[in-house]
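Peer 1: Feature list, courtesy of Swiss-Prot:
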TRANSMEM  43-63  transmembrane segment
DOMAIN    96-204  domain 'FAD-binding FR-type'
BINDING   207-242  FAD binding site
Amino acid sequence: MFIRPVLSSSLGHAARSSLRSQAPAVRQYATEAGKSSGGSNLPLVLALGGVAGIGAWYGLGGFDDPKKVSNKIQEKGKEAVDQAKGAVEGGALNKDQFVEFTLKEIKPYNHDSATLIFELPEGKKPGMGVASAVVVKAVGDGLKDDQGKDVIRPYTPITSPDTVGHMDFLVKKYPGGKMTTYMHSMKPGDKLGIKGPIAKFAYKANEFESIGMIAGGSGITPMYQVIQDIASNPSDKTKVTLIYSNKTEQDILLREQFDQLAKKDDRFTIIYGLDKLPKGFNGFEGYVTEDLVKKHLPQPELADKAKIFVCGPPPQVEAISGKKGPKGSQGELKGLLAKLGYQADQVYKF
């Protein structure tokens, strides 16, 4: 049993748990200078222009020892260079430094999820590729872990990379989750430190004939990014099948977008799974089984014409495809997909 909503090319830029795997004794739940001459730089500072130049001079030390002023100028210059290096061309993000963005609005989504809309500078896009991620942290000393270190977590926006003026995150609040609890407590006008992008899988149109996706809970967000990109490009002929599992029907994220456009584009098949199916719900119940994957996802025999994406809580990822390696590496392919004969280069773990 499955639902086959199809996504329209009109999705464009406006649209954008408990996954379980049948594995032995495993049940997972869907629930981050220039060289100095040593001389005085006073003429250079004053040459910056009028009052602004004098103000800059005072800001750098005024009548202090010329060497101190020179050192301060070099420090400021290095800081500006570092910022320029990290800035993504034409984008609001910086991959090397946290930039503070202001929360414009927070929209409740369901009983435990909300969409947080952050303002970008006027006319700016985020400056990231499809399915890229960012890391976030509270500003100042707002949120620390048990060791006193900043809590930093990764997130994937649900807005497309071409969205101008704002960047949206759909955040599910998990019990005991420090960052999700913090983000849900934010109010319009509050700021959040965001750094990125972190490059993930570099999707290219028509690179594969078929893509299979297995997601649980908030692991839907990178999948949605890829789906948005394909749906907005009529020339991309890639077929996509998404298996998306949650605890209850109310936990399904972005369902409105999927269902609203379900009948308009046969490139997409969406298969919902729940712990227990309510009466009349079209989907599968319980585990993601080998038979389910065999029936609906592109098979290993397609070789480099197929790709399988996996995203969700660590227990889910481990059961489906083996856990990720250190420092964000892919790690060894194990779990259900390995058992079915998929090769490591056919699978990507977000």
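Quick reminder: no glycine exception, Cβ is built from N, Cα and C everywhere.
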Peer 1: Over the domain 'FAD-binding FR-type' (96-204), what is the model's mean pLDDT?
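Peer 2: Per the prediction, mean pLDDT sits at 96 for the domain 'FAD-binding FR-type' (96-204).
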Peer 1: Could you give me three numbers for the domain 'FAD-binding FR-type' (96-204), the DSSP helix, strand and coil residue counts?
Peer 2: 8 helix, 44 strand, 57 coil
Peer 1: To which of the binding-site residues Glu207, Gly217 does the lowest count of other Cβ atoms within 10 Å belong?
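Peer 2: Checked Glu207, Gly217; of these binding-site residues, fewest Cβ neighbours within 10 Å: Glu207.
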Peer 1: Provide the three-state secondary structure of Ser232 (FAD binding site) computed with DSSP.
Peer 2: coil
